[in-house]
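Encoded as structure tokens, the structure appears first; notes follow it.
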Amino acid sequence: MTNSNNDFVGVLEADLNGQDLRIGIVQARFNEEHCVALSTACITELLALGVTQADIKLVTVPGALEIPFALQKLAATGEFDGLVALGAVIRGETYHFELVSNESAAGITRISIDSGLPIANGVLTCETDEQASVRVNLKGADCAKAVVEMANLALALTPDFDIEVNAGEE
């Protein structure tokens, strides 16, 4: 009989309950048709997971390279449990596609690590409009699930210093 590691250690299970979570979304407007579809799918799934409409804030920016700046500003407010980055970068005839894709992803990751705030990266990088159209609904919903799960994980792994500091004090 084999045992998995789960038999011997405490496991934090994925928590997709969005109740009481505050989620910020930064959506690029470049390739707007795809970006609006991404945000619509994301918001629809957030609502289905229990995040209230009042607890969702949507900010739009010109393009994918502007997403990290807006994420950083939202993270700095301390008002959010998680953030979502949404955009669509579609290959053209120049090297610009690689630059935008790589720099946007690096900036999103850096903001998440530096702020300690989970950020679901839903910036599509596709070869064609058709590829983007096929992916937007699933990617938007996946980002909603990812940000809710990671926000709950972050909350579960964050010590409650007030309780520890004030324990035993009257």
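Backbone N, Cα and C define each Cβ position, glycine as well.
Feature annotations, reproduced from Swiss-Prot:
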BINDING   F30, A64, L65, E66, A88, V89, I90, N121  5-amino-6-(D-ribitylamino)uracil binding site
BINDING   E93, T94, R135  (2S)-2-hydroxy-3-oxobutyl phosphate binding site
ACT_SITE  H96  active site, proton donor
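Neighbour counts of Cβ atoms within 10 Å were compared across the recorded positions H96, R135; the minimum falls on H96. Look at T94 ((2S)-2-hydroxy-3-oxobutyl phosphate binding site): DSSP puts it in coil. In this record, 5-amino-6-(D-ribitylamino)uracil is bound by F30, A64, L65, E66, A88, V89, I90, N121; the longest C-alpha to C-alpha distance in that set is 16 Å.
Using a 10 Å radius centred on the Cβ of E66 (5-amino-6-(D-ribitylamino)uracil binding site) and all shown protein chains, the other Cβ atoms total 18. Most other Cβ atoms within 10 A: among the binding-site residues L65, A88, V89, that distinction falls to A88. Put simply, the two farthest-apart Cα atoms among E93, T94, R135, the recorded binders of (2S)-2-hydroxy-3-oxobutyl phosphate, are 23 Å from each other. Local packing around the binding-site residues T94, N121 was summarised as the count of other Cβ atoms within 10 Å of each Cβ; on this measure the leading residue is N121. Between the C-alpha atoms of A64 (5-amino-6-(D-ribitylamino)uracil binding site) and the residue listed as 'active site, proton donor', the distance comes to 12 Å. In sequence order, N31, H34, F97, C126, E127, T128, D129, Q131, A132 are the residues of the chain that are 6 or more apart from I90 (5-amino-6-(D-ribitylamino)uracil binding site) and have a CB within less than 8 Å of its CB. Note on proximity: among E93, T94, H96, the recorded positions of the record, the Cα nearest E66 (5-amino-6-(D-ribitylamino)uracil binding site) is that of H96. For the recorded site, F30 (5-amino-6-(D-ribitylamino)uracil binding site), the DSSP three-state label reads coil. Scoring each of the binding-site residues (F30, E93) by how many neighbouring Cβ atoms lie within 10 Å, the top position goes to F30.
Between N121 (5-amino-6-(D-ribitylamino)uracil binding site) and the residue listed as 'active site, proton donor', the C-alpha separation comes to 20 Å.
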